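Single-structure report; data block below.
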Amino acid sequence: MTTAAIIVAAGRGTRAGGGVPKQWRPLAGRRVADWTLDRFALRQITHVVLVLHPEDHDAWDEFATTPLILAPGGSDRAGSVRNGLAALDGLGITKVLIHDVARPCVSAATIGAVLDALDAHPGAAPGLAVTDALWTGAEGLVTGTRERDGLFAAQTPQGFRYDAIVAAHAAHPGGAADDVEVARAAELTVAIVPGDPDNLKITRAEDFARAERILRQDMDVRLGNGYDVHRFGPGDHVILCGIKVPHDRGLQGHSDADVGMHAVTDALYGALVEGDIGRHFPPSDPQWKGAASEIFLRHAVDLVRARGFAVSNIDCTLVCEYPKIGPHALEMQAEMARIMGLEASRVSVKATTSERLGFTGRSEGIAALATACLVKP
């Protein structure tokens, strides 16, 4: 079976305050949307659709370089979901999860329970049994009570067999509160799986503090360091952090000798306790002769994600007298961010000298140091 997830991120989120839609606000060092997307970086999920508001131009540009499938938001939530479903047409999807971007604390256990329930039912969703007394009210006064037995607070992801929910949305007149209501209108059976009190939906400003507490209590943070050095040799340019920089000499190495990218790659491997580039790409193997270092970095990033981690930020320092790094630093930052699928503000590239001491001070080569921070929610 082929499973997809649709992350609905086209809302404006005005009740949460902050001046920007809540999915783009910071939360525990990252954006809400970043946390939510990472929750669905699971082996069982082969495709992820991110539904974006048409006016979120920066987000469209940022995610266009990632493996995500992008879809435009509709005039309401149902329209956004339909656009997300349409983006999966022809991909052979059998199961689909539909999730609100404003639920960044959803657990892998909840996602797995929904997927498992779809083996026996055309629909499944997490729900929390209502335990509080329920009132009705008007003008600040209690006007009555309601029986709470059999009542559940709905959560996401709400999962469905793909063809069934596509047909249900096509037939629905609109105005549904969620996708379970759409499914029920089409007479689909929807199983209730246990919800999670921590799977809150960020709606109001105070919800950010609670979500941050939840994320930080289980967060696994790893740090890795990388160091590399290459000597100068004949040439007319060097490649640093993926950017070709004119110089009167080149750097010598088995691959393209990108000392900065090598240090960052080793920092990622180090955080995972996976050795260094040489373990994964032995210099004794001729197939890596002259290879682009992007290959190594992508491998490290893929390994990070396969282990359930996300790259929080990267810091790389280049040590050399020449060439001058400053004029190229922003371009290097953007290129590294592109390769790793990060926003540029999470990648730092800077330079220093050794005050003319040592081999870098004698302009015999370039050294690079890097630190990588990984997080697992």
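The backbone N, Cα and C atoms fix where each Cβ goes, and this holds for glycine too.
Swiss-Prot lists 1-221 with the feature region '2-C-methyl-D-erythritol 4-phosphate cytidylyltransferase'.
Per Swiss-Prot, the feature site 'Transition state stabilizer' maps to Arg15 (among others).
Summarising the annotation, Swiss-Prot assigns site 'Transition state stabilizer' to Lys22 (among others) and lists sequence analysis as the type of evidence.
Residues annotated as site 'Positions MEP for the nucleophilic attack' in Swiss-Prot: Arg148 (among others). In three-state terms derived from DSSP, Arg148 (site 'Positions MEP for the nucleophilic attack') belongs to neither a helical nor a strand segment and is classed as coil.
In three-state terms derived from DSSP, Lys201 (site 'Positions MEP for the nucleophilic attack') belongs to neither a helical nor a strand segment and is classed as coil. The site 'Positions MEP for the nucleophilic attack' annotation in Swiss-Prot covers Lys201 (among others).
The region '2-C-methyl-D-erythritol 2,4-cyclodiphosphate synthase' annotation in Swiss-Prot covers 222-377.
In the three-state DSSP scheme, Thr353 (site 'Transition state stabilizer') falls into the coil class. Take the CB of Thr353 (site 'Transition state stabilizer') and look out to 10 A: across all protein chains shown you find 13 other CB atoms. Positions annotated as 4-CDP-2-C-methyl-D-erythritol 2-phosphate binding site by Swiss-Prot, on the basis of sequence analysis: Asp228, Val229, His230, His254, Ser255, Asp276, Ile277, Gly278, Thr352, Thr353, Ser354, Glu355, Phe359, Arg362.
Feature annotation from Swiss-Prot assigns divalent metal cation binding site to Asp228, His230, His262; the stated evidence is sequence analysis. Taking the Cβ of His262 (divalent metal cation binding site) as centre and 10 Å as the limit, one finds 25 other Cβ atoms among all the protein chains shown.
Taken from Swiss-Prot, the feature site 'Transition state stabilizer' applies to His254 (among others), supported by sequence analysis. Of all Cβ atoms in the shown protein chains, 18 besides its own fall within 10 Å of the Cβ of His254 (site 'Transition state stabilizer').
Annotated site 'Transition state stabilizer' per Swiss-Prot: Thr353 (among others), in sequence order, evidence recorded as sequence analysis.
His230 (4-CDP-2-C-methyl-D-erythritol 2-phosphate binding site) falls within a strand segment according to DSSP.
Spatially, by CA atoms, the recorded sites Lys22, Lys201, His254 include one closest to Phe359 (4-CDP-2-C-methyl-D-erythritol 2-phosphate binding site), and that is His254. Of the listed recorded positions, namely Lys22, Arg148, Lys201, His230, the sparsest CB environment within 10 A is found at Arg148. Excluding Asp228, His230, His262 themselves, the residues of that chain whose CB lies within 8 A of the CB mean position for the divalent metal cation site are, in sequence, Val229, Leu251, Gly253, Ala257, Asp258, Val259, Gly260, Met261, Ala263, Ile366, Ala367, Ala368. Over the region '2-C-methyl-D-erythritol 2,4-cyclodiphosphate synthase' (222-377) the predicted model carries a mean pLDDT of 95. A count of other CB atoms within 10 A of each Cβ picks out Ser255 as the most crowded of the binding-site residues Ser255, Thr352, Ser354.
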